[in-house]
Amino acid sequence: MANDPRHLPSRKLLVTCALPYANGSIHLGHMLEHIQADIWVRYQRLRGNTVNFICADDAHGTPIMLKAQQMGITPEEMIAAVSEEHQKDFAGFDISFDNYHSTHSEENRELASHIYLELKKNGFISSRTISQLFDPEKEMFLPDRFVKGTCPKCKSEDQYGDNCDNCGETYSPTELINPKSAVSGATPVMKDSEHFFFDLPQFESMLKEWTRSGSLQSETANKMQEWFESGLQQWDISRDAPYFGFEIPGEKDKFFYVWLDAPIGYMGSFKNLCNKRDDLDFDEYWNKDSKTELYHFIGKDIVYFHSLFWPAMLEGSGFRKPNNVFVHGYVTVNGAKMSKSKGTFVKASTYLDHLDPECLRYYYAAKLNSRIDDLDLNLEDFTQRVNADVVNKIVNLASRNAGFIAKRFEGKLSDNFAEPELYNEFVAAADRIAELFEAREFGRAIREITALADKANQYVDEKAPWVVAKEEGKDQELQEICSVGINLFRVLMTYLKPVMPALAARTEAFLNQELTWEGIAQPLTGHEITKFKALFNRIDPKNIEAMIEASKEDAAAEMAAKEKAEAAKTETELSKDPIADEIEFDTFAQVDLRIARIISCEEVPKANKLLKFQLDIGGETRQVFSGIKSAYKPEELEGKLTVMVANLKPRKMKFGMSEGMILAAGPGGSDLWILEPHEGAQPGMRVM
């Protein structure tokens with residue numbers, strides 16, 4: 001027991017939630033994890049522990065790159081907008097992050113590179129040529145999640161190329177049955193490419209020991225044992241250009257796979273927090289011999305990455321491992337998978353438009369335990385439970401006593417506390433409730449609290465202050481009865497403070513005192529409270545109906561946008577940009593097209609679209625300005641061959657003379673491609 005961190009005088013904890021992907025909105029499924037973690041974090045703070053609670057957006061990968069292209073903006077612009085939306089949603093639910101960052105940050109780039117280079121130095125990185133699925137229409141290698149097909153194990157259809165949502169199996173996309181490109185719908189072809197691998201099997205003995213440490217949930221430990229029995233495989237940590245992410249140090253057109261730098265995002269976000277504050281030391285929390293505690297809250301769909309790859313990467317690069325990984329199940333609504341058509345796929349922002357976030361915090365807490373069970377948000381039960389527990393049992397306890405204290409005793413509680421034994425029974429429950437909060441058995445903690453609320457209301461019912469108030473000479477008895485009721489309410493709200501922080505804050509204003517775990521040891525006597533105001537409103541079923549309807553409208557709008565995008569895919573380039581009127585051959589022959597080699601390319605200061613080129617056209621050098629800055633970095637173009645209009649009249653521009661035109665194709669923005677001749681063409685050759 002002496003080594004149990006729960007019994008240390010004061011603890012230092014670093015707590016994380018899984019990083020939401022930066023290409024979509026937060027929904028009520030996400031909120032389960034963030035509410036669960038926030039309750040645990042708030043409980044730890046309430047007990048005097050030091051907690052740093054961090055998160056970030058997972059901002060890399062092909063899905064983000066492609067979606068940004070569809071939107072006609074840069075990936076950086078897209079992830080910035082999504083981050084703002086995510087943080088607003090989490091703030092709306094009172095998720096008390098100390099820092100919210102992005103994996104697309106300098107801190108994360110430096111840490112990812114450092115960890116990779118340490119792993120490489122220590123012999124845990126190797127490379128080999130692999131055959132990989134390639135989209136022949138889009139001319140790009142396909143990431144795992146952009147290949148869909150039939151699971152090779154359970155034969156479920158429409159599964160992603162890295163793992164099966166149905167059976168949880170992980171596999172290579174080349175193992176999928178009947179694979180299709182999720183980008184174009186084309187059947188992928190095999191193409192060779194050099195990839196880099198993390199040697200996970202070297203860490204098997206360490207991972208087995210970590211699994212047997214006794215801290216992991218039994219379901220997680222059992223699942224890991226299955227993976228050990230089936231054999232650990234080397235992990236492909238690289239992806240080919242084009243890709244939105246971090247380039248691998250020392251390699252060209254090779255990028256870190258998003259799942260390598262995503263968990264490092266925990267470190268990056270904490271590093272960012274350390275840079276903002278003078279009282280935090282990054283090494284104290286991440287050194288191999290750290291005495292602090294590290295906990296990850298995640299969903300069951302990403303256990304493989306967090307229980308195998310992540311601790312192995314940390315071990316191999318000289319960092320500490322997590323104390324535990326807390327895994328939760330999925331959210332269902334009304335007993336079924338969340339459905340956009342039924343309006344039960346509810347965005348966090350849509351919920352906040354219609355309902356109090358404290359209601360969902362309470363309901364999730366009432367149904368959460370330490371196991372990996374799915375949680376059903378039954379909307380009828382949700383309404384009944386919140387109204388019955390929070391409004392009728394707990395808040396009503398204050399309202400039915402506060403009026404008498406305000407009207408008859410000028411807001412002052414009795415000097416004498418009439419029911420010390422009853423009060424001590426409520427206070428004695430603190431240890432049991434604390435154990436349940438610590439163990440993430442929130443549902444059991446809520447049952448303990450509501451059972452106490454029943455006892456408190458029973459006391460008030462039996463004493464009937466509304467009757468005593470009518471009897472002469474019983475003012476002291478009335479004051480004492482109501483003071484007991486309000487003090488019992490104070491204890492209950494202290495226990496509920498991690499679950500319902502906004503209600504707790506209103507309670508503190510009403511009681512004119514902060515709610516603290518230690519403070520409830522003694523009741524309030526002779527204490528002045530403020531005039532009672534409504535602390536909490538019951539759920540109106542009409543608001544739930546409005547939320548469902550709004551979710552249906554959101555889904556319909558998304559579907560319309562998706563159909564429009566799909567229609568755009570089938571639209572031909574000719575239909576978008578019809579062929580111009582015919583011209584005579586002699587007219588065309590007047591245009592002198594020449595092969596040119598790009599000698600140098602540089603950005604033009606204060607020009608948003610232009611790149612400045614020096615072109616070799618075979619014995620002559622031309623200066624040309626071209627508006628393709630949005631599609632290319634200057635260093636990518638130097639040394640390439642291209643095609644230019646050589647006899648175009650020179651044009652004087654603000655930034656200099658342009659002596660021709662480089663030919664490029666595409667709709668604009670990042671979708672522009674310069675024309676490149678086949679090998680063998682030489683600068684100065686005429687294009688016929």
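Cβ coordinates come from backbone N, Cα and C, glycine included.
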Quick check on the annotations: Swiss-Prot lists motif ''KMSKS' region' for one of 107-111, 337-341, 512-516, 522-526. Which range is it?
337-341
Binding-site residues compared (C151, C154, C164, C167) - highest count of Cβ atoms within 10 Å:
C151
How long is the line from the C-alpha of K340 (ATP binding site) to the C-alpha of C164 (Zn(2+) binding site), rounded to the nearest angstrom?
22
Determine, from DSSP, whether C154 (Zn(2+) binding site) sits in helix, strand or coil.
coil
